[in-house]
Amino acid sequence: MRVGAFLGRSLFSCSHVRGALVRRRTPQHSCSFHISKPRSLSHVVPVFSRAPLFSERTAMVDQHGKHTYKDLYIRSQALSKMIIQLLGNPSHNNTPERVSFLCPNNSSYVVCQWAVWMSGAIAVPLCKSHPPSELKYVLQDSQSALVVAEESYTNVLSPLAEQLGIPVLTMSGSQNLHPSELLQEIKISQLDLDWKDRGAMIIYTSGTTGRPKGVLSTHYNLYSMVTALVNEWGWTKEDSILHVLPLHHVHGVVNKLMCPLWVGATCVILPEFCPKTVWQHFLGRDVPSINIFMAVPTIYSKLIAYYEQHFTHSNVREFVRAACQERIRLMVSGSSALPVPVLERWQEITGHTLLERYGMTEIGMALTNPLHGPRVPGAVGAPLPGVEVRTVTQNPRKEGTSYTTHAQGDSTGTMVSVGLENREGELQVRGPAVFKEYWNKRLDTQEAFTSDGWFKTGDTAMYKDGTYWILGRTSVDIIKSGGYKVSALEVERHLLGHPSITDVAVIGAPDVTWGQRVAAIVKLRDGHALSLQELKEWARAVMAPYCIPAELIRVEEIPRNQMGKINKKQLLVHFYPQ
């Protein structure tokens, strides 16, 4: 079932005729707006409720132009009315309905997200690069009651939704109307809901350890994520961020979209990542200026490659460095480990030391290097305000599992157990941003937490020299070889310093004698050759003997997902099928 709606600046209404939903054009009228401000911002509210504070400011800039906060709010309210017309009133349900949506990287995403929340429903963002089978899985697993899709995606989503009996609301960008022409009069008021514990968003994990799980966050979880980052990274309404990431992960949704919209700042969003366009924004060449940039390490590597190829003259390079230092106040890297050679080269090029931080779908951001002050390469800093972290070792017992705590801290400091300094262990997190549950997976949710309420991240970490270090996923990045524990991420950081290696993934290959052996999968620079013996000789100067790769696999490309992550379990199955 497909129902016409609006995208950008067009609107259609719908009504029931003989059991079918039909599309009817709304007449154009002049219009006055009465936007009532939220009663209080001291309680938990969704980000859309802040829009009236910044009514005429530019909220977003996309390929269609500029969009004010009032523009986004009015368009969202109109779409919300259509969602309510189709679903009844989701806000009246004890368990809100789920609404899955798929939009391009432009203002339509915000309009749809806000509209779902205005309706009292739970937003389930879909990934445009996922194959139909994965999209169908999310629709089915989330038990979505409605699919909202921009018209270019309906050919993919409509057949899937029809198989599952889910109606589809189509967003169309064919018209070019001003918001004042959308409705005769619209009065926007604060929904009378208790937002705090209400479900807000389900984001599906990348599924590197099995089928993706739906991570349900409440409005309080999102509020906590956003306000912590806004305060810690100094967001103001004068900021402007360049957005080039997908919009189905916390990094792209919360850090790069909700944070600027919370404070009245501007989000300049690109349809897709393009190195040339990003450099144009950095240098202010006939494009909107920006002063914040966040990305994954893979993107920084591609920006460096573009720089090396196109900015060859010394005067140009001096200009690039000066422009980046003058125009940009903050550059952040996350979602996967940042290779130190990339950090160092980026610092040489732009004068910026990338701010590394640590987070995941289930917890938002937990650790960050300081906005001001020294940033330790390879480390992820200290807990954000409101977040508690600890590193522990499990002590299995008949009656359950107890933990020995090595280090535990919050934003005010970290306490280290005597005799357990610099000891690695599982990183566990507690705080208001930690998710509510895995959708419809009670046992998985229960197993994800300790008996005293700490979320088990599955990452191995260490507190050392006043900062936290992530050593990798316990399941795939900690290689147990001959009694030693080897961090695959540490080995990767070293190998990326080799002049012939441009990309690398280190895995633990099965070994009858040692349990596991260190295997390096590498992409070499064009025209370069490298043997295992040559790599071993080079590595002896920079790595402990037990960390040196025992196997070298050369590939043309190392597969990564949109967030730059490598599925190492798939690599193990591919190269070691038995």
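FYI, residue positions are counted from 1 along the chain as it appears here.
Glycine too: its Cβ is placed from the backbone N, Cα and C atoms.
Going by Swiss-Prot, these are the annotated features:
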BINDING   T205, S206, G207, T208, T209, G210, R211, P212, K213, D459, R473, K565  ATP binding site
REGION    394-413  region 'Disordered'
TRANSIT   1-19  transit peptide
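Overlay of Swiss-Prot annotations on the structure.
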{"residue": "T205", "record": "ATP binding site", "DSSP class": "coil"}
{"residue": "R211", "record": "ATP binding site", "DSSP class": "coil"}
{"residue": "R473", "record": "ATP binding site", "DSSP class": "strand"}
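Within the set of binding-site residues (T205, R211, K213, R473), the lowest number of other Cβ atoms found within 10 Å of a Cβ is recorded at R211.
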